[in-house]
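Database features (TrEMBL):
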- 18-39: transmembrane segment (TRANSMEM)
- 31-415: domain 'Cation/H+ exchanger transmembrane' (DOMAIN)
- 80-100: transmembrane segment (TRANSMEM)
- 112-135: transmembrane segment (TRANSMEM)
- 147-168: transmembrane segment (TRANSMEM)
- 180-199: transmembrane segment (TRANSMEM)
- 211-232: transmembrane segment (TRANSMEM)
- 296-314: transmembrane segment (TRANSMEM)
- 326-348: transmembrane segment (TRANSMEM)
- 394-414: transmembrane segment (TRANSMEM)
- 470-598: domain 'Cation/H(+) antiporter central' (DOMAIN)
- 612-774: domain 'Cation/H(+) antiporter C-terminal' (DOMAIN)
Amino acid sequence: MAGTEQQASCNNELVNPIISMGLQYSGILVISHVLQILLKPLGQASPIVQILAGFLMGPSGFSRIKAVEKFFIQSYASGYYEFMALIFRTIIMFLIGLETDFPYLMRNIRPASIIACGSSLACTFFAAAVTFLVFQETASRGSSFMMSLMIIITLANAASPNVVRVAADLKFSTSETGRLAISSSLIADAYAVFLLFILSEYKSTSIAKWIFFFFLYFIIVGIVIVINMYLANWLNRRNRNQKYLRNAEICVLLAILYVAAMALEHFGFSSIIASFLIGSMFPRGGKAARTLLIKLTYPIHNFIFPIYFGNHGFRANVTKLKNLRNFMVFCILILSSIGGKIVGTLAACFHLKIPYREGVLLAFMMNLKGHVDMLALTIGLTDDLVLSQNFYDVMIATIIVNTLVWGPIVAFMVRRESDIIGYRQIYFESQNPESELRILACVHSPRPVATMLGLVAASRGPRDVPITPYLMHLVELPGKKKTNLMYNQKEEDELSDEDDYGGNDVVEINDAVDMFTSETGLLVHQIKAVSPFSRMHADICNNAEDIRASIVVLPFHKHQRIDGKLENGKQGIRTTNQKVLRHVPCSVAILIDRGLTAGSLNPSGSDSLQHIAILFFGGPDDREALGFSKRLGMDHHVNLTIIRFLPASSRGQIAGVNIAHKTDDVLMAISNDEVEKEADNAILTEFHNRYVVTGQVGYVEKVVESGAETASALRDMAEMYSLFIVGKDGRGHSVLTTGMSDWEEFPELGKVGDFLASPEFDISGSVLVVQQYRPSKYDDDDDDDKQ
């Protein structure tokens, strides 16, 4: 008898819920990563793969085996799973808040709200229509109103974590459609969470209590946001000379988050939206936010997301659909969900004049589920709001199968509709200067950071023009270091290889970015790429495509010494620039940073007036430079002057004529190539009428007979401007630059850019050489890329 009890005790230890949960999560991780390797080449997003992994491990797959079912599916372990789900969704929503482009959400709150409300309200009507049928066919008992609420939450909800990850994996999260889908899903989540509160507090009929709880909700969230603001600023000052915050300090910040989340859960609120708000309102500038993003991104994306999504798939049991009535209810719910989303979303898109194909994709994205809806079913099952196991089984199967079906369809549509959501470069010469600017500035060291950030600030134009700047720190990948130390003998800083790349440059760059953000209010997104010079251009091009950059700004491979001379840097930097010029999928510029003006281009930091010159010779690159300069001319701290060089043959046509009173016919100049001539004249006419006539931009014409006169004219204005902007290549062999190429040293800068960067040209201003996007060069394969 004693032996039997000992054997039973041993068995109980083996099926301990902690051990069972740990092994289940481990199995989901392994299967999800294996499936990811197999399905990623087919274009499937990771959330779909992770839900499928849990689905295969659950009662619809391996857990149909009795031994596996006995080990994994334990009724008394549900509390452990719900607690872990709370921990996971709190940190997930906090990270989503940190990563969310909150300014974009605020700018587009109206269209996002219309889409979210349209899809949610349509699903609400569909859910109300099928509630009676579902109640009867699942032989349910209890409150039909509670069932209706759960069906509404299930159909109306758009799982924001799924939408965020699917959009990111399919590489359209930075597109207008992707950002609109993410914003709309967050608003739909808020609607579902509001219904969830009614569901959980339905037994409390006191209106005063509901009002008190809502007031308490906003008080708790507001207090945490204020605490984070002061604490983050204090931690940033405390760790002024450190790359990141200490682990203990990160734990304190996360502890505050979880205390607030647990308090809200205790009062009957879901912490989903609160966690998102706390994350989105967290101070973005400084080491605190930077450290949180770095420390949380890897474990959440690689461990927490697979477990969180996989656990949802694990709960689905499609074997319950063998019952004809259950299967019929399942089909009705699936059709109601997609029907409500399509009808509501397309109606909203029609009102917003969004194209039909984008509307269909938005509808499918809004139909991804597995977040608030799963929590609603858990609350209903725990509180016995509806007494029918069939109902819960069918609802969970509906949620999971719906996502597993429509997730791959979304992936297919993204590939098919690449022409509407793919990366489309709009030339600056035809771009509205008041549209959003996405700029990727690259640096190899802290030296050009100040000028790069100053250029970013100046290119913003008016304060209400949206700009999304990225600063990419390019670090050469060093060779493997030989050491006799064992792993446990290394210092703490030596254990993380990638964080060490860049040395003290990281601290200096971070400090410069933090100072810039505090002075201008512009949030600069930082990226670090560690690779050998032979592959560094690929990192730049890939990141430019991922963020849908309008322009990439590269540093020149030479830097200025104390005596004013340019000194050669690493040859790999020049090689990288040359490859980027050939392959980058957008416009690109090379910045020749003259150290004397390193900080003078930051117009928002002072009231001084900066003088910038646009050198216009003609051709696509000069037109692109002129188009980019429109944004600079709109800044009231910048005095912009366009200097147009004309051949002496035009002297008779323009002599003695004031440009401010010219007609279009007089403004036009003669060009050898009629097509280029018309393009040059068109953009100059438009620029003149919009900016020169109004006095925003100055206009000067220089008549020259040869490259020598052009060089002389450039020398005369060497000390007049803090920045010169010029196109890389003029219009072929022009008399304006004849002879200038005789001493050409850097062809990647073009004839004029090379002259401005030459030692013979004594200049104190920086130079920006712009090249327009060239599809033929980007599409061609380069021999170096094959190595």
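The backbone N, Cα and C atoms fix where each Cβ goes, and this holds for glycine too.
Unlike curated entries, TrEMBL annotations are predicted automatically.
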(Q) So, taking each listed stretch (80-100, 112-135, 180-199, 296-314, 326-348) in turn and counting its Cβ pairs to the transmembrane segment (18-39) that are under 8 angstroms, which one gives the highest count? (A) 296-314
Q.
Within this structure, do the transmembrane segment (180-199) and the transmembrane segment (326-348) have 3 or more Cβ pairs under 8 angstroms, counting pairs 6 or more apart in sequence?
A. no
Q: Name the range, of those listed as 147-168, 180-199, 211-232, 296-314, 394-414, that has the largest tally of Cβ pairs under 8 Å with the transmembrane segment (112-135).
A: 147-168
Q. Short question: which residues 6 or more past the ends of the transmembrane segment (296-314) have a Cβ under 8 Å from it?
A. 24-25, 28-29, 31-33, 46-47, 50-58, 63, 72, 81, 84-85, 88-89, 91-92, 94-95, 98, 161-162, 165, 370, 374, 399-400, 404
Q.
Should anything in the same chain at least six residues away from the transmembrane segment (80-100) have a Cβ under 8 Å from its Cβ atoms, list it; otherwise answer none.
A. 17-18, 21, 160-161, 164, 182, 186, 254, 257-258, 261, 265, 271-273, 275-282, 289, 292-293, 296-297, 300, 304-305, 307-308, 311, 371, 375, 378
Q) Which whole number is the mean pLDDT over the domain 'Cation/H(+) antiporter central' (470-598)? A) 79
